[in-house]
């Protein structure tokens, strides 16, 4: 991952066009300026608010630390000193070491539940550990902490006085080990040279390396001693001399060498020739003084100097930038080349005076604070263990309960907030939800998830932050200001409402071409999450055309802009194609014809959006039309086709709603999302055969790909299986939303009655009388089989509908007649999935989907205890009514297992899989339905099998034809807390 952006940027003005935000006067070209970095409103990114350096440095408390200033080490030395003097501390001084020491805690570990945030290993009970308030309440091994911050004064740490004498001595031994004196060889590093003032002989101090270089033990780590003022002064003198030499060379090059000659010289030495003159000067000066840089070992792209390190400028794939960085770049040992054809007296004279052996570049040392933060960030990036980022607020019945969790969270390295704040990760309830509770109200207002108490226990047990979705008491309302985009479909597409032409125009169609596209780009390494909408709109009653553009950041209406240009049809098409090529790097025909389209690095990717084509004449006053459906069925149709239900589901999954028409992501786009998740699953499982740096870059690239294909408000690196499974469930829900959208439409002009929509399901749905035998059997089955551990809610049966989906019985009849062991079993699912289920039947996860999260492989899962399946309805207090299925399942001979086992299908001779639970329905209370179908409606009792890892039975079939949906139940959940 790229380092987070800094608060300030320092540079010499590239032109005289900028104005100072403080004094309002122009900033002259090449004048030192300081820019405060702010979120841009017209594009997805940060922009500097420029000021004269003198205007900023004349005010108090503007810049807090030199580490907050990007580009400070590339300024002329005198200008660097101005900023350092303003801040009041030079890098790596005793004062900064004292500052970091004041922010640390040291103690003996009270348990073995915490993990070191640097190495990821468990911190054993009874061993000394250190916490830095700079990084929250996470813990480190004392040795790991002192390796990252050798300048820290442990005697100033909070808790030092209460350590035992033996522990103090052990820690002080580590301090001595990690801080070698000047002129001595460190136990983990190389020997520092003394009394070498010539820049050509100075040795570059090594600092914390990128994770891409491996661990410190791979090559050794030279530690810059901060205990010696002489050493620090010597280093500063070398840095000053180096800076003066670099700037003298750049000034001479700018005076005597043209831009074309700079490019030719860089090309002759195998260096990057792109960019403006200032970048060419930087690269030439670096290469001429220290030798030509080698290429990135990960992706073979060019390296460039920035912020005390050399970074890769390339892309590890078409989806992601390369994250490689190093302080020890490979350089050519040959002399810097001057092309033979170049006739430049200055360069010829310089070449003759060039020394054969180049010195190493002296790199500025990190301040202890920056060293700690960066090392922690790098080493933690793919160690998902640890709870240091979790900030929890708790509402409990008693102070003792809250205090108990508070201590457990502290021991685990998590953070406890006494009250809900905007920085809180979640609010956890240790009691029944009280809507009038002040903290609950605040959480709702701040859109912070409200979770069950069990979430904390699971996080502590697994020692990582788990996804919130499975533990939500109620879904946080996370709609963006604009809500869902209004869609009016005309022809085969829809005009964007922001154009103002929805009522008077339509998307231009020219043969098979539909001039409308939505582009997306998510790049986690750059913090980019952008969309770009491009349309050609033709007037309904004329031939005039408009090119409409809208761009911004996904989920943030305050960032971005629009543009509407009127032009002729021919010019509008040309402009559309030009912009598409500019934004994607591909011609329009490649996407339109689905041939040879290649995602280009740093470019947008088109989303495959299916608006569908409405057929049939419009009808007015749909709501006033009489329905022929029974009242119970009419109410069910209202539930199934309520657009707000689908909108809430997409918001829960943090799908972008302001620019994504509801349900319009195509089936192909969702399949590509599954493919990206499968790639991530394979990378997460491949821990032995790949370098960590390469694996990290590939996971970032696959995450970029996923969030580009599936626009999300909060993209992030998908780096553990829990998060991966949440994304799989999200895509499964999107599949059903896509089916519902295609079947009945969600656009604002949809004019179908509920009777019409019911017919489109192609599934006969008949309400059962409450006094019939089948209804009573289903009710008994529901009331009897509530599992003892599912205490959060009870279930009330409201309606039962018999089902007969077109064609399902004919497929099932073969198995019904040939397989024994048929049972009536439960299946639960989200309300938004049922249009897809009723119209297409229960479906097995597609081949593109990862296998993560399926205990017994990809199949259809059923239960014999109602509450086991009811968990998957995902209802809440606000919407307490869900739907459940009772299906007749032909199980045949079952492959019985006591623990999760990955498989594609059961062994030969077996027709299904049964996971054996420790609690089962009482067999003596089973009933028979329609002669040969078993209804396991007995009360839950302990099973004879005690060693199983499963709490309750699970039944899995791997062929959809073994299932016949029989009943749809409308069930009300009564939440107890």
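Placed from the backbone N, Cα and C atoms, the Cβ positions cover glycine too.
Annotation comment: Swiss-Prot describes 116, 119, 141, 144 as Zn(2+) 2 binding site. Classification of residue 141 (Zn(2+) 2 binding site) by DSSP places it within a strand. Of all Cβ atoms in the protein chains displayed, 23 besides its own lie within 10 Å of the Cβ of residue 141 (Zn(2+) 2 binding site).
Sequence annotations record features per position, and here Swiss-Prot assigns Zn(2+) 3 binding site to 296, 299, 312, 322 based on sequence analysis. Note: residue 296 (Zn(2+) 3 binding site) has non-local neighbours 302, 303, 312, 314, 322, 324, i.e. same-chain residues 6+ apart with C-beta under 8 A of its own C-beta. In this structure, residue 296 (Zn(2+) 3 binding site) belongs to neither helix nor strand by DSSP; it is coil.
Per Swiss-Prot, domain 'PADR1 zinc-binding' is recorded for 227-365.
Residues of the same chain lying 6 or more positions beyond the ends of the domain 'SAP' (254-288) and with a Cβ under 8 Å from any Cβ of it are 14, 74, 246, 295, 302, 304-305, 313, 332, 336-339, 342, 344-347, 350, 354, 361. The domain 'SAP' annotation in Swiss-Prot covers 254-288 and rests on sequence analysis.
The annotation domain 'BRCT' is assigned in Swiss-Prot to 381-473. For the domain 'BRCT' (381-473), the DSSP-based tally of helix, strand and coil residues reads 34 helix, 20 strand, 39 coil.
Positions annotated as domain 'WGR' by Swiss-Prot: 504-604.
Mean model confidence of the domain 'PARP alpha-helical' (626-745) amounts to 80 (pLDDT, 0 to 100 scale). What Swiss-Prot lists as domain 'PARP alpha-helical' is 626-745, and the listing cites sequence analysis.
Marked as domain 'PARP catalytic' by Swiss-Prot: 752-977.
The annotation region 'Disordered' is assigned in Swiss-Prot to 177-199 (among others).
The feature region 'Disordered' is assigned by Swiss-Prot to 218-237 (among others).
The annotation region 'Zinc ribbon' is assigned in Swiss-Prot to 291-335 on the grounds of sequence analysis. Mapped onto DSSP classes, the region 'Zinc ribbon' (291-335) shows 0 helix, 17 strand, 28 coil.
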Under 8 angstroms, Cβ to Cβ: which one of 227-365, 504-604, 626-745, 752-977 has the largest number of such pairs with the domain 'BRCT' (381-473)?
626-745
May I ask for the distance between residue 141 (Zn(2+) 2 binding site) and residue 299 (Zn(2+) 3 binding site), taken between their Cα atoms and rounded to an integer number of Å?
34
By DSSP assignment, list the helix, strand and coil residue numbers for the domain 'SAP' (254-288), in that order.
25 helix, 0 strand, 10 coil
Per DSSP, what is the residue tally for the domain 'WGR' (504-604) in helix, strand and coil?
21 helix, 48 strand, 32 coil
Work out, from DSSP, the number of helix, strand and coil residues along the domain 'PARP alpha-helical' (626-745).
81 helix, 3 strand, 36 coil
Whole-number Å value for how far residue 299 (Zn(2+) 3 binding site) lies from residue 119 (Zn(2+) 2 binding site) (Cα to Cα):
26
Spatial neighbours, same chain, of residue 116 (Zn(2+) 2 binding site) - Cβ under 8 Å, 6+ residues apart:
122, 123, 129, 139, 140, 141, 144
Most Cβ neighbours inside 10 Å, all chains, among the binding-site residues 119, 322:
322
Most crowded position, judged by CB atoms within 10 A, among 299, 312 as binding-site residues:
312
